[in-house]
Structures are given as structure tokens and as C-alpha cells.
């Protein structure tokens, strides 16, 4: 009997050792070895470059020839109370029309790799094709019209007001006036009053040419094809010519290009340079510079520094971090680094706002079965009370909202990109979401919400793959108040909305299959095998313990019987 008990205990010991080995091996593999293998595989595969035969490697090919489902949706604003805005300082009231949906086709060309394989050049072209099936019922951008603030009017009235002020201060004009008023009492005061009268009645003169601060355009003209401003066509050219004839003051020649919100449909002048990730896979796709093919200095970065004319006040002495606004860093938002953590701040250069945006973690999400992290654009990005945003302040020539002339910058929630675009364009989140109160109340009809107005990036954290994204921005125009021109001295100065946009990206089936085949299927398979081994090992250990206990009990009973 003792022999059988001994055999049982030895067998239990062997089973225990086998179980312990399976348990330890399974835990080591699932918790240490395999994650390292997967991490190395992800890093090795996320490098932009070529195969040995000169073709694009898998990662580069999937990016360059992306099949993501991309749609650009526009909602445009139709102003309904322009008379009240101009004559009674009423807040703007608008009707929102849309969405006008456009299929976005992304193509890349002019690919080039540096000799050392560290850098890649490319040009990305966006082409937009109207899709009535995704748009609002009956919406037609080529026929639908909206009444909007005229950007050309604002630029033109600013320029002519400057010219008139220059003329009135011209010694020749003063001499002529005094000659006319010769011998009359208070000639100086009369000439001064006459100058103020001329400037004050400029609006009346302009109205004779059937020109207004607002104009009617089609949706397509506003977005893509462009419109010619009536202010230049009907008034400014003739008025400046008359002033030049009378006073000999040569005005600056006026360009009259079409005005549109998206002038780059189907074309691009920019060559981007990014890191390939050869040295550091976590920096794959990081922007290092961009340049204009036509050598337009406005669109040439200086290495990883944005064009200084975009943010000309970034180097002012009162900015504690003068270079913060000019830093070019991060990817272009098509993908992000591997192994994203919730505490990470993800940089991306967003050309729509002419600056780098830093995204922060918001919440966990699930997209088509994949677990992801949602990152959003925090309100701190447009908060000018923060030192790092000092360089984005553009002094207000005429003042705006409750801010006086020459104020340091706009209220928080707005971004002045006029130096980058060449027009009085102000960017914000749609419906002034998260903007300061003085901004959010400017259009009382707006009711901003997180779901409709926040920019969202849903990212698979292991690979940095964008599962889906919603880039939401509002395009506004800065309307100034010309206090010396009576007809325009009442209008509330501020950011008048023109349109808001939702540029959405969704994974295509190929991306889903790649994530499954390259990452999740192998991980799931190995994890399953390892945890089965762990479970089997734990079961064998439990079995061996039971065998020892049973053997001990049986041996003790037999021992009592024989004794």
C-alpha cells in the first residue's frame, strides 16, 4: 500500500511540475515575450520607405493609396436681418443650410525619399465631388443662394478709408481747402469739418453704386468657384481712379481674384517633407518642413519653423515663449505614433488653421469592434490667457466685440488666420463651441453641442491608426466697425460666420482587414493559446494537489486499519 501511495505522490509531483511549467510559460509569454514581439513588429512595419525591388513598402503604400471613406460636409449661413445689422446694431441672425456633401478624393504624387532614407517628400491633392445622395434633400450648390458678408467689401473699405485719411492729411489738400476758404472765419475748423464730412458720407457715396457690406452668391461660388466682389467691380476701381485724378495720390493697385473658401479643389502648390521613422518609428510621418512649388514665400517654412509672416507677433518681447506659435511638428493627422497612452498630447499640423494643434485624450470608444482612444481639440488651443498662445494674437486695427482698437488679440475661441490666408478670415469651432461668452452670444440662434461641434480623432492606441475622425471647424469673417463712416459706424464688429465644415474619415475594409490580419488576429490567437496553457497548468497543479491529498488520506486510513 505504501508503494502505491508513493507512486501516486510521485505522479502528482510530475503533474505539478508540468502544470507549473505551463502556467509560468504561459504567463511569461502572454505578459512579456509576445508583447515585445508585437511591439517590435509594429515598430518595424511603421517605417515609410521602399522594398528591395523599389516598390512602396506596405505601410507607405497603404498611406499613399489610402482608401479611407472621406467626406466633406458644408453648412452655409444665410443672413436674414442685414438691415437691422447695419442700421440698429442688431446681433446677426442666420439660417443654416446644409449639409452640402462632397466626396473627398485624396491623391499623393511627387514622392521622393532622401538618400539616407530619413526623409520623404510628397504632395497631397484634395478633390471634391458633389454627392447629392449625402446632401440635404433638394440641395444644389450651383443653384442655391445665400446672403453673406462680403469679404471684398471689408478689404476694400479698409483700403479706401486708409487712402482717404491719407489724402485728408495731405498738405496739398489742406492748402487747396484753405485757398477756397480764404478770408472766411474759422477756415481751419471748416476744413477739418469738411474732411470729416467727406469721410463720414463715404458710405452714402458707396451706396449710390448699389454696393453693400452684404452680397448674394451661390453656395458653389462661396465654397469653390469664387465670386467677384461688387465693391471692387462697381465702386472701388472708379473711386480710386477719380481720387488719383483729383489729388495725384496713386493708390495701391487692387487685385481682384475670385473670393472662395476653398481655392485648392483639385490642386496643390505645397511639397511636404516628413520623417520616415527609420531612426525613430514613433516619429514616422512627423512634418519637418514644407515649400511652395511656385516659390511663394508665404508658403515656405523655414525648416521646422512656420513662415514668420503667418504669426508676425510671435517674437514680441511680451511673449514668454515667442517660438511656440511658429513650431511645425506632428503628423498631418492621417495617422499618429504607435503605443498611444491616455496621458499623451498628440501634435498635428492642421493646414486649415495654419498652425500645429495639440490633441488631448477625451474618452475610450469602440469603432467597428476595435477599441480606441478618442482625442479632441481642447479649448486651451484658442485660449489667449495662456502664455503658449501669445504668438497667435494679431492686434485689432479697429477693435472688435468689446475690445478697443489695437487690442492685443481676439477673444478666446477665435483664431485670426488673416496673415496666412490674405483675407479677414477667423477660425473657430462650429457655432462658437467653447468660445468666450462675448463670442458665443454674438449669434443668439447658435446652440453648440459636443456631439455636433467637437473635432474628434478615434485612434487605435497600439498602431496609431485613425479608426474614424471628424474635423469640425467654422469659417468666419472679421467685420470691422468704421466709426468715421456713418453708414457703417453702427454694425457690431466681430466674427461673422460664413460656413462650418465637417471633414469625416472612416476606415475602409482594407484597413480593417490589415488591422485584423497584422495585429489583432495574431494577438488574439497567441493570447488564447497562452491563456489555455495557463488554465491547463493551473488545472494540473490543482489536480496534483488533490492527488497528494487523496493519497495521504488513503494511506492514513489503511495505516489505522493495519494497526
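For all residues, glycine too, the Cβ spot is worked out from N, Cα and C.
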Which residue, chosen from 112, 210, is annotated N-linked glycosylation site in Swiss-Prot?
112
Stretch carrying transmembrane segment according to Swiss-Prot (options 508-528, 529-549)
529-549
According to DSSP, which of helix, strand or coil covers residue 295 (N-linked glycosylation site)?
coil
Could you state the whole-number distance in Å separating the C-alpha atoms of residue 315 (N-linked glycosylation site) and residue 295 (N-linked glycosylation site)?
24
Candidates 133, 315 (glycosylation sites); min other-Cβ count within 10 Å returns 133
If I take the Cα of residue 265 (N-linked glycosylation site) as reference, which of the glycosylation sites 112, 133, 295, 502 has the closest Cα?
502
For each of the glycosylation sites (112, 265, 295, 502), count the other CB atoms lying within 10 A of its CB, then report the residue with the highest count.
502
